[in-house]
Amino acid sequence: MKSFCDNDDNNHSNTTNLLGFSLSSNMMKMGGRGGREAIYSSSTSSAATSSSSVPPQLVVGDNTSNFGVCYGSNPNGGIYSHMSVMPLRSDGSLCLMEALNRSSHSNHHQDSSPKVEDFFGTHHNNTSHKEAMDLSLDSLFYNTTHEPNTTTNFQEFFSFPQTRNHEEETRNYGNDPSLTHGGSFNVGVYGEFQQSLSLSMSPGSQSSCITGSHHHQQNQNQNHQSQNHQQISEALVETSVGFETTTMAAAKKKRGQEDVVVVGQKQIVHRKSIDTFGQRTSQYRGVTRHRWTGRYEAHLWDNSFKKEGHSRKGRQVYLGGYDMEEKAARAYDLAALKYWGPSTHTNFSAENYQKEIEDMKNMTRQEYVAHLRRKSSGFSRGASIYRGVTRHHQHGRWQARIGRVAGNKDLYLGTFGTQEEAAEAYDVAAIKFRGTNAVTNFDITRYDVDRIMSSNTLLSGELARRNNNSIVVRNTEDQTALNAVVEGGSNKEVSTPERLLSFPAIFALPQVNQKMFGSNMGGNMSPWTSNPNAELKTVALTLPQMPVFAAWADS
C-alpha cells in the first residue's frame, strides 16, 4: 500500500489537505530532512466539544458501495472523537489504511477496539483487556458489510481530486456562523451534515497517546452524542425551512407578485375578489363602476359614428351615473332599444319596456340620450342631473363648466342660482365649440344654433333661445299702457313718417291727452304734431333692441 508520508514536499501538502490535519513547522522540517521520527500530541478538544458537533452521516463512494465513514452513535460503525494520534509503522509510514482494511463481524462489540500492539506488531493473544489500554483511535469501527473493494473505494476517496476540492469547500463553509452550529460542522452538497477529519500534530506534545477510556464511559458518550445530534438536526431543519421561506418572501416582494400557495411544486396565484372596491366591471352589460366614487355608470358604444381624422369607428355615449346597478342596466337597455331596435341584446327582457318604447318613437337618438341623463341620479362630478353642472361646496350655488375646449382644459362658464340656468349655459357653450353634433342637456331645437355660431361671445340662455324678438317688460302697468297705445293708433296713418322720433326709450309712454297738459295744451302744440298718439305708437314700435351684456363673470 502506498504511504501517505512521502519525501516530496508537494505530497506533504496534499496529505495535509486530504486528511484535514495540520503539521507544524518543526514537523515539516523533520519531513524535509527525511527523518521518520514523529512527535504526537493529544487532541485539545474535550468530549463535550466533540459531542456538540453535528454528525448525521456522510457516505462516501459510489452507489454500488455500502462503505461509509460516520460520526455518531451508529452501532454499525463511526468515528466518535477526533483522533489524537496518527498511527505510524516502524518505518515511519502511516498505517491508517491497514487499520481500515480490517473488518469486524456484525456482532462485534465496542470493547474490541484496536490495541497498541496492533499498530506496532507486538500484539499477543493472551493479552488481557484490562492490561491493554485503548488507543484514542478506538472509536473507529468498520462496516459490517464485507466488500472486496473497500480499500479501493476509501483510497479513491482520499486520492480523488474532486473530493479534495469538496473537502476544502466544506472547510470554508465551516467558517460561516449562520450555516454551522458553533462552527463545529459543515453542510455538504450531498444533503448530509458532515464533519471533516481534523487531526493535529504538535511537536511540543508528549507521546501520551494512550487513554484509559472504559466501556461504560463510551456508552454514556454515545448516548449523549445521539441526543445532541437529534436536537441539532431538528434545529437545523427548522432553520433551513425558515431560510427558504424568507428567501421566497423576498423574491416575491421584489417581483411584486401576489400571495401564492405552494402545493406540490406548483404555485397557485389567487385572483382578486369580485366585490373588491375600485373594480370597473359589473354583471350587467354596458355598466361600469367608477373607481373613485363607487357609483355605477352606463355607456353605449355607437359604432355608426365616424369622426374625421380617427381611424377607429364609433364613440362612447354616456348615459348617466346611478347609485344602483340595476338602474344603470335599465338605462343601457333603453338606449340600446333606441339605437338598435328590439332585436338587440339587453340586460332585462324587452317586454318590460313597452311604455318606454312608445315614448322614444317621437325623439331622436340624441334627444333620448339627454332624456335618460336627466333621469339619472347624478353624474360622477356632482349631484346635478344635468351635464356640465356641479354644485359649489361652499355657498351651494350651481356652476357650469365644459371640458376639452380651451387647450384641453376645463372652461369655467359661471355660477348660477338654478340648475336649469347652468345647464343652458353649458348647452350654449357646447353648441358654440362642437356644432350641431354637441350633446346638450335640453333639446337642441330650443336654441338658435345659427345665432350662437355666428356670435363672437357666448350668449346667455335668454338670447340663445329661439323666437326671442319681443321686449321683456317687467312692470305690468307699463305693459298695459303699451298695449293701449298700439290699439289706439292701429287704424290711423302717419302723415309725416320721415319725422319720426328716434330717441331710445327704455319704457313705454302712456297715452297723451289734453288733460295731462292742461286746457291750453292744444293751442300751444307744435304744428308738426297732428296726432301725438300715432307718433307715440310709432316710437313704441320702432324702438331699437337694447344691447344685453352677453358675457358673465365669476361672482
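From the backbone N, Cα and C atoms, a Cβ is placed for every residue, glycine too.
Region 'Disordered' is the annotation Swiss-Prot gives to one range among 34-56, 172-194, 264-286, and that range is 34-56. For the DNA-binding region (385-443), DSSP puts the residue distribution at 19 helix, 14 strand, 26 coil. In the DNA-binding region (283-349), the DSSP tally of helix, strand and coil residues is 16 helix, 18 strand, 33 coil.
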